[in-house]
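**Student:** Before I ask anything, let me first share the structure, which is written out below as structure tokens.
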Amino acid sequence: MGAAASIQTTVNTLSERISSKLEQEANASAQTKCDIEIGNFYIRQNHGCNLTVKNMCSADADAQLDAVLSAATETYSGLTPEQKAYVPAMFTAALNIQTSVNTVVRDFENYVKQTCNSSAVVDNKLKIQNVIIDECYGAPGSPTNLEFINTGSSKGNCAIKALMQLTTKATTQIAPKQVAGTGVQFYMIVIGVIILAALFMYYAKRMLFTSTNDKIKLILANKENVHWTTYMDTFFRTSPMVIATTDMQN
């Protein structure tokens, strides 16, 4: 659950920073009328993720783009070295970007500016737009809560979607491993119980069904100093046969 908790914490931190940056740098607010509305949000393979849409709109699309990038950079800087080590693989899987821990911020900035300033995005004048994400996983018993922040512009929403693709890709990498890890732990516990039960039955059988002579031998074998007469007494417990002298004479 620790990994799932860290993902959720990162998602929450990222959303808070995006809202704050949009408000500070792009004069966005929840009360501003949005030129673009989110019609539908599709997750093709949803395995335990919840989604809400929040409006933080403004008229300055370029400032929105810069605000989103600034929030992403600050959030990445706050990750632990272990968390940062996973990020390049997430970029490759989600955005097909080849990057490294040291260049990930610059590479993401270049990707967003090139993609979100393209004519396909800028010329999109649809007032109601749909957002499609491939897949998202929640940890067992703990759904991942996502927040898509609608900036009110195609540019800003393009950058938000890029970040959403990264965070959902992180859930697909970690949550299934947690499920698999839980299964391995379960089987290891079962195997351990079986081994202990077998050992118990073995010793119980030795103690309950071993002959009296064998029990005495086992007990004596565990003693450090045993007088030889004790062994004699043990091995000759059966009374000797008495042969009459008359029989021998006959």
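Along the chain as shown, residues are numbered 1 onward.
Cβ atoms here come from the backbone N, Cα and C positions, even for glycine.
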**Student:** If you have Swiss-Prot open, could you say which of Cys34, Cys49 makes the disulfide with Cys57?
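**Tutor:** Partner cysteine, according to Swiss-Prot: Cys34.
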**Student:** Cys116 forms a disulfide with which residue in Swiss-Prot, given the options Cys49, Cys158?
**Tutor:** Cys158
**Student:** If you look at how Swiss-Prot annotates this chain, which of 2-12, 35-45, 90-100, 233-243 comes out as region 'Targeting to MV membrane'?
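**Tutor:** Checked against Swiss-Prot: region 'Targeting to MV membrane' maps to 2-12.
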**Student:** Of all the disulfide-bonded residues given, namely Cys34, Cys116, Cys158, which is spatially nearest to Cys49 (disulfide bond) at the Cα level?
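**Tutor:** Result for Cys49 (disulfide bond): the nearest of the disulfide-bonded residues is Cys158.
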**Student:** Nearest to Cys136 (disulfide bond) by Cα, among Cys34, Cys57, Cys116, Cys158 (disulfide-bonded residues)?
**Tutor:** Cys158
**Student:** Between Cys116 (disulfide bond) and Cys57 (disulfide bond), how far is it from one CA atom to the other, in Å?
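**Tutor:** Cα of Cys116 (disulfide bond) to Cα of Cys57 (disulfide bond) measures 17 Å after rounding.
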**Student:** Return only the integer: C-alpha distance in Å from Cys158 (disulfide bond) to Cys57 (disulfide bond).
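**Tutor:** Their Cα atoms are separated by 14 Å.
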**Student:** Provide the three-state secondary structure of Cys116 (disulfide bond) computed with DSSP.
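**Tutor:** Assignment for Cys116 (disulfide bond) reads helix.
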**Student:** Cys49 (disulfide bond) has how many other Cβ neighbours within 10 Å of its own Cβ?
**Tutor:** 20
